[in-house]
Amino acid sequence: MSRPLRLRRLAPHAARHAILLVGVVIFFGPFLWMLLTSFKSSSEALSFPPTFLPHAWRFDSYRRIFTVAPFGLYYLNSTIVTVLATFGQIVTSLAAGYAFARMRFRGRTVIFVVLLAALMVPFEVVFTPLVTLLSQLGWLNSYQGLIIPNVPSILGAFLFRQFFLSFPTEIEDASRIDGAGVWRRLWSVMAPMARPMIGSFAILSFVYNWNNFFFQFLVTTKSRYYTVQVGLAQLQGENNTTDFGLLMAGSTLAIIPVMIVFLVFQRQLVSAMSGGLR
């Protein structure tokens, strides 16, 4: 094989790998920079020209983040809110998706279209009446105020509806003949078959609830209910800190759970999402 022909065959592969490499740098580069900055001193983090690797690896920022603020409490609050809100979204979305896919009731299509239209409404449009309602209920600075408003998920109902529509009705019909009611068919027949979608939606829900800074910032004003993201914002605002090493250490700790979830379950997420939306 001549050299020009070999180069022509290798050129498309080299181009694809170059594009992928650029994508990795664009998407992963900021996270790597944040991680490396967390080991730098404040002066080195602000130095120009910037340094890629720290001159001296400093771990004191990770120790100080737990002393200048109750970061452990923030982590606990984020975990409680995220786990309970994710569980609630899975249960309600599973039931709503099954109802829209399998049950016949008046106004089903209209209700579903209205819900889809609501997805296009920015949260900024409704946050004022929502916060007012939470204030009247006495739910500001409370776990129920952080969790319950996030339990309904229109996106989750849509995804589960599409997933259930892809299943044949024969299995459900057989359970109906055996005398199974609606709830029995949902939890004993349909839910086990929906495990891939449950897993993928759990990942999406976890990431959303963990990073839901704006809503959590509006609902909490007392530090004992701060989540990780709100705590980091308050740390910067109250102390007017320019210690970027400290802030990057806190940011690194904040994204560790999300990174772990994505790295461990990325295949399940892609396969379930692609299968459920066909």
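Note: Cβ is positioned from N, Cα and C throughout, glycine not excepted.
All annotation found in TrEMBL is predicted automatically rather than curated by experts.
According to TrEMBL, the domain 'ABC transmembrane type-1' annotation covers 75-265.
If you look up TrEMBL, you'll see 20-39 (among others) marked as transmembrane segment. Same-chain residues lying 6+ beyond the ends of the transmembrane segment (20-39) with a Cβ under 8 Å from its Cβ atoms: 45, 52-54, 57-59, 61-62, 244-245, 248-249, 251-252, 255, 259.
The list of residues near the transmembrane segment (74-98) in space but at least 6 beyond its ends in sequence, with Cβ under 8 angstroms from a Cβ of it, reads 143, 146-148, 150-153, 156-164, 186, 190-191, 194, 198, 201-202, 205-206, 209-210, 216, 225-231, 253. Residues annotated as transmembrane segment in TrEMBL: 74-98 (among others).
If you look up TrEMBL, you'll see 110-134 (among others) marked as transmembrane segment.
Outside the transmembrane segment (146-165) by six or more residues, the chain places 77, 81, 84-85, 88-90, 92-94, 96-98, 100-102, 112, 115-116, 118-119, 130, 134, 139, 190, 194, 197, 201, 204-205, 209, 212, 215-216, 219-220, 225, 227, 273, 275-277 with a CB less than 8 A from a CB of the stretch. Residues annotated as transmembrane segment in TrEMBL: 146-165 (among others).
Taken from TrEMBL, the feature transmembrane segment applies to 186-208 (among others).
The transmembrane segment annotation in TrEMBL covers 244-265 (among others).
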